[in-house]
Amino acid sequence: MEAVVDTNNFVLLLWSGAQLPKDIEAVVGSLTKKVGPNGKVSLEHSDRLHIASHAMSSFDVVLSGVCESPSLIHSMELLSKLAKLLKPDGKLILREPVGSNDSRSPEKIISTLKLSGFVSISQANEVKPSIVEISAQKPSFEVGAKTALSLSFAPKPAQPKAETSAAQIWTLSAQDIDDEDVDLLDSDTLLDEDDLKKPDPLSLKAACGPGSGKKKACKNCTCGLAEQENGDATEKKSVTSSCGSCYLGDAFRCSTCPYLGMPAFKPGEKIALTDRQLKGDL
């Protein structure tokens, strides 16, 4: 176990369960001797790790469950916490009991380590029956580290021109135009006189009967159907009086009357209102 620890290393020893004090003291003593006076060995229980005041990226090596009779189950939450405590390129050595079923197998532990951000994961030889030892390493970068991308904003070189033979296929020379053997279409002959006639709006209406519907104007309508639809919409906006006294003048009009402010007019006389007058005041 001391082989993974170097001089001047900061080591975190994580334990859990009912460990014997002499077993913990033996491991701490051997590690303290290995790291030397400039190193440090910190002892922490797994249940109190979340309230400990350890700084992030402060340990070179984390030894978890390496004492006698390990019982610590390394969840993803615990492994993610250990990854934050390790320095970049820091090492993690863990031991965990495994059962005969697939609920806690070495493959499951390795998968959890990968999801927690560890790399260079390897399984050591069997320490004891039903106990597995796995080593892993934190990547060489910190969590949330930033790096500059080598982006070039220099002008890009011009694209190579198309082959001359390919360009000549789509071009005509002056000699080709004067050549009598070349048939050129006259654009004035593409449309007949019937094509230039404006259609009758009545012919655009759909036939009556079951399943027949009204034709709608196209987006770029040029046949006059759009103007006809707009005219129908304008006629639908005709305003009717609910009191029948609007034509007498403002003295007989409501506060929201669209004719308010206009002079009196004859009953049945057509009065044109603007869009602003058709909208009531809020």
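Note that the numbers count up from 1, one per residue, in the order the chain is shown.
Backbone N, Cα and C define each Cβ position, glycine as well.
Taken from Swiss-Prot as is:
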REGION    5-151  region 'N-terminal SAM-like domain'
REGION    152-196  region 'Linker'
REGION    208-223  region 'Fe-S binding site A'
BINDING   Cys208, Cys218, Cys221, Cys223  [2Fe-2S] cluster binding site
REGION    243-257  region 'Fe-S binding site B'
BINDING   Cys243, Cys246, Cys254, Cys257  [4Fe-4S] cluster binding site
MOTIF     243-246  motif 'Cx2C motif 1'
MOTIF     254-257  motif 'Cx2C motif 2'
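Recorded features from Swiss-Prot, shown on the structure.
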residue	record	DSSP (3 states)
Cys218	[2Fe-2S] cluster binding site	coil
Cys223	[2Fe-2S] cluster binding site	coil
Cys246	[4Fe-4S] cluster binding site	helix
Cys254	[4Fe-4S] cluster binding site	coil
Say we define neighbours as other CB atoms within 10 Å of the CB. Which of the binding-site residues Cys218, Cys257 has the fewest?
Cys218
Could you tell me the C-alpha distance between Cys223 ([2Fe-2S] cluster binding site) and Cys257 ([4Fe-4S] cluster binding site) in angstrom, no decimals?
38
Residue among the binding-site residues Cys221, Cys223, Cys246, Cys254 whose Cβ has the most other Cβ atoms within 10 Å:
Cys246
Mean of pLDDT values spanning the region 'N-terminal SAM-like domain' (5-151):
86
